[in-house]
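A.B. asks: Quick one: the structure is below, and I'll ask about it shortly.
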Amino acid sequence: MAKSPRRVAGRRLLLPLLCLFFQGATAILFAIFVRYDQQTDAALWHGGNHSNADNEFYFRYPSFQDVHAMVFVGFGFLMVFLQRYGYSSLGFTFLLGAFALQWATLVQGFLHSFHGGHIHVGMESLINADFCAGAVLISFGAVLGKTGPAQLLLMALLEVALFGLNEFVLLCLLGVRDAGGSMTIHTFGAYFGLVLSRVLYRPHLEKSQHRQGSVYHSDLFAMIGTIFLWIFWPSFNSALTSRGDGQPRTALNTYYSLTASTLSTFALSALVGKDGRLDMVHVQNAALAGGVVVGTASEMMLTPFGALAAGCLAGAISTLGYKFFTPILESKLKIQDTCGVHNLHGMPGVLGALLGALMTGLTTHEAYGDGLQSVFPLIAEGQRSATSQAIYQLFGLSVTLLFASAGGVLGGLLLKLPFLDAPPDSQCYEDQMCWEVPGEHGYEAQEALRVEEPDTEA
């Protein structure tokens with residue numbers, strides 16, 4: 001595996017310079033703008049008339065722990081299925097997540113909690129930043145193995161900014177309801193990544209085809225990610241919902257939807273599989289589609305039956321997408337979707353947005369009673385009818401797709417800059433490009449025996 005001195009020198013400097021520059025810049029911005037909010041500032045908290053039990057920390061922190069584990073353990077392990085890319089899948093998840101959390105705190109803070117010349121942060125800030133990091137990691141899944149760490153950091157820089165802007169437009173300007181992020185997280189992250197992958201299309205990626213598959217143990221590790229995500233998804237969707245009835249209803253709807261998507265995934269996987277055998281790719285991914293599809297509607301009066309029906313449909317669509325639609329994406333649309341984010345996050349996210357609009361249009365005062373204020377405040381206050389709110393929900397989906405597509409194009413053009421050291425076509429999906437790998441010299445000897453055409457740079 002020959003490495004030119006220029007490439008080695010560039011890699012040695014580029015990633016450290018970007019990491020140190022971004023960390024230094026965010027640290028300066030934190031020093032200037034970021035302050036504790038009323039519930040975490042010692043003087044402000046003790047100056048108020050309340051007990052320690054009233055602090056939001058004790059209500060939000062359990063959900064934050066679950067969401068945090070999903071972002072770093074769930075997403076990270078879900079992407080280790082590639083046989084020679086486990087270090088990068090986990091390591092770059094760690095890197096992107098850490099940077100995205102800091103940058104999202106600033107972007108979301110300026111848009112949502114900036115007053116008195118400062119950004120005020122608390123538990124909700126941490127959860128919102130994790131949501132943003134989740135969207136970045138969804139996009140990472142679409143370009144997994146085909147991008148270097150410097151490219152990924154720049155992708156995160158752009159995506160976090162656009163995520164924050166899209167979220168602000170939907171939630172604050174349009175008054176859209178999206179508790180579990182079917183639109184703001186899953187749809188945005190998926191289509192940002194898919195358009196990015198299209199712009200970065202590699203016509204000679206078959207040179208790395210022998211590394212694109214999984215092996216027995218890599219699929220087992222990926223199932224760890226699946227189980228983590230499956231267990232904690234009710235916390236993900238309910239993390240920022242209201243106290244009282246809102247949070248438990250959101251958790252229940254997500255819980256039942258996940259169970260249904262799992263059963264439909266097993267059923268469809270066996271039905272379309274060779275000789276009726278299950279495909280681990282389907283189980284690892286499509287079983288989670290139930291959590292995505294109820295994201296928007298999870299806090300609404302979906303009913304347990306509605307949650308089961310939505311999850312069953314999402315699991316089926318996701319499984320069929322992996323079997324039939326992913327090959328079409330690559331062959332016809334030239335979108336190389338490494339992790340199949342279109343099947344797990346894209347289509348279920350859009351379906352979830354449509355489900356949310358449907359449930360919004362069916363909203364009645366009788367069904368929600370006094371709880372209407374916490375779920376649909378604009379309807380409760382008489383500013384909108386249920387039908388008009390449903391139209392706003394659909395418009396929010398359109399805005400999200402627009403932001404994601406435009407961002408993906410811009411990001412793709414940015415990541416094509418030649419100095420960013422993209423891996424060559426023959427070395428995609430390979431940890432040795434960036435990591436010290438145990439036993440790599442023996443592996444290099446085997447690789448040297450392969451007859452390959454000259455590399456084509458991205």
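Residue numbers in this text run from 1 along the chain shown.
Even glycines carry a Cβ here, placed using N, Cα and C.
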A.B. asks: Under Swiss-Prot, which of the candidate ranges 177-180, 225-228, 349-352, 429-432 is annotated motif 'Basolateral sorting signal'?
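C.D. replies: From Swiss-Prot, the annotated motif 'Basolateral sorting signal' range turns out to be 429-432.
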A.B. asks: Using Swiss-Prot as the source, do L174 and K274 end up on the same side of the membrane?
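C.D. replies: K274 and L174, as annotated in Swiss-Prot, occupy opposite sides of the membrane (different topological domains).
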A.B. asks: So what's near the transmembrane segment (14-34) in sequence-distant terms, Cβ-Cβ under 8 Å and 6+ beyond its ends?
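C.D. replies: Contacts with the transmembrane segment (14-34): 95, 99, 102-103, 105-106, 109-110, 114, 117-119, 121, 149-150, 153-154, 157, 419-421.
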A.B. asks: Across the whole of the topological domain 'Cytoplasmic' (1-13), what does the mean pLDDT come to? Round it, please.
C.D. replies: 60
A.B. asks: Under 8 Å between C-beta atoms and at least six residues away from its ends: which parts of the chain pack against the transmembrane segment (394-414)?
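C.D. replies: Sequence-distant neighbours of the transmembrane segment (394-414): 154-155, 158-159, 162, 165-166, 169-170, 174, 176, 178, 183-184, 187-200, 350, 353-354, 357.
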A.B. asks: Excluding the flanking five residues on each side, which residues at least 6 beyond the ends of the transmembrane segment (283-303) place their CB within less than 8 Å of a CB in that stretch?
C.D. replies: 78, 81, 177-183, 185-186, 219, 222-223, 225-226, 229-230, 233-234, 236-238, 241-242, 246, 249-250, 253-254, 257-262, 265-266, 268-269, 310-311, 313-315, 317-319, 321-322, 339-340, 343-345, 348-349, 351-353, 355-356, 358-360, 363, 367-368, 375, 393
A.B. asks: Counting Cβ pairs under 8 Å that sit 6 or more residues apart, are there three or more between the transmembrane segment (347-367) and the transmembrane segment (87-107)?
C.D. replies: no
